[in-house]
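K.L.:
Just passing along the structure, written as structure tokens.
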Amino acid sequence: MKKLIVGLAGNPNVGKTTVFNQLTGMRQHVGNWPGKTVERAEGHFTHGNYEYDVVDLPGNYALSAHSMEEIVSRDFIVDDDSDVIVNVVDAANLERNLYLTVQMMELGANLVLALNMNDFAKKKDHIIDIDLMSELLGFSVVEINAKNKDGFDVLLSAVEKAASKPKNTSAKLSYGDELKEHLGDLQELIERDNKLLDVPSIWTAIKLLEKDSIVIQKVQQSSISSQIMAETDKVAGHLHTIYKEGAEEVVANARYAFIDGLMAEAVKRPAVEKETITDKIDKIVTNRILAPFIFIILMWAMFQLTFTVGAPFQDMIDQAFGMLSEWVATFLGDGLLSSFVCDGIIGGVGGVLTFLPIIILMFLFLSILEDCGYLARAAFTLDKIMHKIVGLHGKAFIPMILGFGCGVPAIMATRTMENEGDRMLAMMLVPFMSCTARLPIYAIFVAAFFADNGGNVLLAIYLLGIVVALIVAAILKRTMFKGLSTPFVMELPTYKVPSLKGVLLHTWEKVKGFLRKAGTIILACSIVLWILQNIFPYGGSDPQMSLLGMIGTAIAPIFAPLGFGTWQAAVAIIAGLAAKEVVVATFGTLAGMEEDDEEGITNLIHDTFTPLSAFSFMAFTLLYTPCFAAIGAIKQETNSYKWALTMCAITLVTAFIVSFLIYNIGLLAGFG
Ligand SMILES: Nc1nc2c(ncn2[C@@H]2O[C@H](COP(=O)(O)OP(=O)(O)OP(=O)(O)O)[C@@H](O)[C@H]2O)c(=O)[nH]1
Ligand SMILES: [Mg+2]
């Protein structure tokens, strides 16, 4: 067996991860918006005589030193000893995709070009002459379909051929006589230092002209660095006098000229591009006036469906746990052990698991929205409305909408943002987006007070999260994160019919996370809560005199101005710091301890809240410090506790202010 290390590189959203998953049988995140893969993933498989190591790289448009994913991809090509790079490209947008290909050619990467999305290319009547293109580029070009593995055999044999006969793909690049001559002078100088020759000299020469900080640093180590830098300045100056443009633009134009030539020779396209289905749908969905309404209607429909479809299943699970609890009680009798199992574990963990159906549905809808391509449109819509008012970078909206699912991947998704300040700001806002872990909290409050218009109350809560995030953004942008954000074009992916398998897998991955939490952190918290609830330092059996009750009573006054100064609410909020579902588990165990058992969580909520204080409590749990996992993700991504703690402070203060306003304005308006 021979070992082969193969990297999958290409623009965002062209199907790299789909190829990767098909090859390795793994389940990395696939969706229909640019920027899903943010960290390289590795997998293995065997084919013929070869043992493959495949690396799925984050998508990027360039190989400059501007953003983290670009550096990850470029380091992989330059430093790792990969045998072959498979450049996956979107055949329906070949011109744009080839810009990265050309840059990889400058690096001399041992390339194989995999044309994917041919179904879309055919719909647009683009006819690609693969053989001619391969000849012009000087390496193999293969047509594939990542979704059904068409062409994978041809692809793998092309990879194996390329591995046995590595090529310097920079050979076929031609950048015009003028530029070639000047680059030549610079290359000659670079080639005098062997230490600079781990990459083709044309790459180093071009990157010096582009003022690439990492390459400049490397060249500065050279013994002839002053000569090289002087020559670079000379060439740049010369190019400027001829073209009246900076060296960077001259190089970019030369790349496009090469691509134009290639396209003209090898691709036949209709003189006027056909209007695609995506164009037709987008005339409505991204229409300036209609877009915000469509966004709100979709969200509203999502909550309505989640609740109406989920409710019967939820009841079934609830009853099943009730029966389980009774059945266990017949064995264990009336003692402490029975209380531990029934109230502590079944009440706590079971209370949370009841919400499994609505959580599954919510993730199902989010996966469909993500996979069909609407997620990027939602971000586009919010960007259009918000960029000017709030000064928030448009790319921040994708992580924010992902935050409706779970904050942890949402925080990681901020990596595609180039400007550090913008990225930090986006991370501070993600926790305000209502993640699915909070859904069970709203569900029990809706059941207790707002059963008749649950969907509307939920929509209000989610919109509250968005509005508060935007207000906080506007404030932070004018204080902590001053400065202009880099403008950018939001890319709108082609609408795709979501694949059933993809959506189900996606949903299952998320649901698995929820179940894991139920078996670990929620279980642990339920046990701790039950113990604290059964210790009575001063004797008696009044729940409020238990250790838990006393802790809650001590803290409760803090929340009195917000309308829920009861010891139960205080305990739930503190416990919810671990994970938001624990708020529900807390009410579950507390309800188990009440005198008349059957009444359950809903009655406990009904007795300890009013509709107004319930809404204020929902808003507080929406906005206050997210779970440990989200705090940990921010620490991880920023490499410092500073930002994690800043986020905790921002969310706590915001939650207090907003809940205070809701409760007190509500009182004045007579809702008390
Ligand atoms: N119609 C069609 N859709 C495809 C094809 N290949 C992939 N897709 C879909 O294209 C979308 C993007 O695929 P991914 O594999 O996530 O793309 P990626 O290149 O890994 O994207 P990033 O990680 O964001 O850079 C998904 O919705 C896929 O289901 C194809 O050949 N035809
Ligand atoms: Mg990917």
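Backbone N, Cα and C define each Cβ position, glycine as well.
Computed from a predicted structure; not experimentally measured.
Reproduced below are the annotations present in TrEMBL:
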{"type": "DOMAIN", "residues": "3-165", "note": "domain 'FeoB-type G'"}
{"type": "BINDING", "residues": "Gly10, Asn11, Pro12, Asn13, Val14, Gly15, Lys16, Thr17", "note": "GTP 1 binding site"}
{"type": "BINDING", "residues": "Asn21, Thr24, Gly25", "note": "Mg(2+) binding site"}
{"type": "BINDING", "residues": "Gly35, Lys36, Thr37, Val38, Glu39", "note": "GTP 2 binding site"}
{"type": "BINDING", "residues": "Asp56, Leu57, Pro58, Gly59", "note": "GTP 3 binding site"}
{"type": "BINDING", "residues": "Asn116, Met117, Asn118, Asp119", "note": "GTP 4 binding site"}
{"type": "TRANSMEM", "residues": "289-307", "note": "transmembrane segment"}
{"type": "TRANSMEM", "residues": "353-376", "note": "transmembrane segment"}
{"type": "TRANSMEM", "residues": "396-413", "note": "transmembrane segment"}
{"type": "TRANSMEM", "residues": "425-451", "note": "transmembrane segment"}
{"type": "TRANSMEM", "residues": "457-476", "note": "transmembrane segment"}
{"type": "TRANSMEM", "residues": "514-533", "note": "transmembrane segment"}
{"type": "TRANSMEM", "residues": "545-564", "note": "transmembrane segment"}
{"type": "TRANSMEM", "residues": "571-592", "note": "transmembrane segment"}
{"type": "TRANSMEM", "residues": "612-631", "note": "transmembrane segment"}
{"type": "TRANSMEM", "residues": "643-666", "note": "transmembrane segment"}
K.L.:
Do you see any of the binding-site residues Asn11, Val14, Lys16, Thr37, Pro58 whose C-alpha is within 10 Å of Met117 (GTP 4 binding site), and which ones?
P.N.:
Val14
K.L.:
Of the binding-site residues Gly25, Thr37, Asp119, which one sits closest to Asn13 (GTP 1 binding site) when you measure Cα to Cα?
P.N.:
Thr37
K.L.:
Ranking 425-451, 457-476, 545-564 by Cβ pairs under 8 Å to the transmembrane segment (396-413), which is first?
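P.N.:
By the under-8 Å Cβ criterion, the transmembrane segment (396-413) pairs most with 425-451.
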K.L.:
How long is the line from the C-alpha of Gly15 (GTP 1 binding site) to the C-alpha of Asp119 (GTP 4 binding site), rounded to the nearest angstrom?
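P.N.:
Gly15 (GTP 1 binding site) to Asp119 (GTP 4 binding site), Cα-Cα distance: 13 Å.
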K.L.:
Taking 425-451, 457-476, 545-564, 571-592 as candidates, which has the most Cβ pairs under 8 Å with the transmembrane segment (289-307)?
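P.N.:
Against the transmembrane segment (289-307), the leading stretch is 457-476.
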K.L.:
Could you list, ordered by sequence, which of these binding-site residues: Lys16, Thr17, Gly25, Lys36, Thr37, have a Cβ under 6 Å from ligand 2?
P.N.:
Lys16, Thr17, Lys36, Thr37
K.L.:
Among Lys16, Thr24, Asn116, please name the binding-site residues whose Cβ is nearer than 6 Å to ligand 1.
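P.N.:
Once distances to ligand 1 are taken from each Cβ, Lys16, Asn116 fall under 6 Å.
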K.L.:
Does the structure show the transmembrane segment (643-666) and the transmembrane segment (353-376) touching, where I'm treating 3 or more Cβ pairs under 8 angstroms (sequence separation 6 or more) as a contact?
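P.N.:
Not in contact, no.
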K.L.:
Within 10 Å of Asn116 (GTP 4 binding site), Cα to Cα, which of the binding-site residues Asn11, Val14, Gly35, Lys36, Val38 are there?
P.N.:
Val14
K.L.:
So which of 514-533, 571-592, 612-631 is most in touch with the transmembrane segment (457-476), counting Cβ pairs under 8 Å?
P.N.:
612-631
K.L.:
When the Cα-Cα distance from Asp119 (GTP 4 binding site) is computed for each of the binding-site residues Asn21, Gly25, Lys36, Thr37, which gives the smallest value?
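P.N.:
Looking at Cα distances from Asp119 (GTP 4 binding site), the smallest one goes to Asn21.
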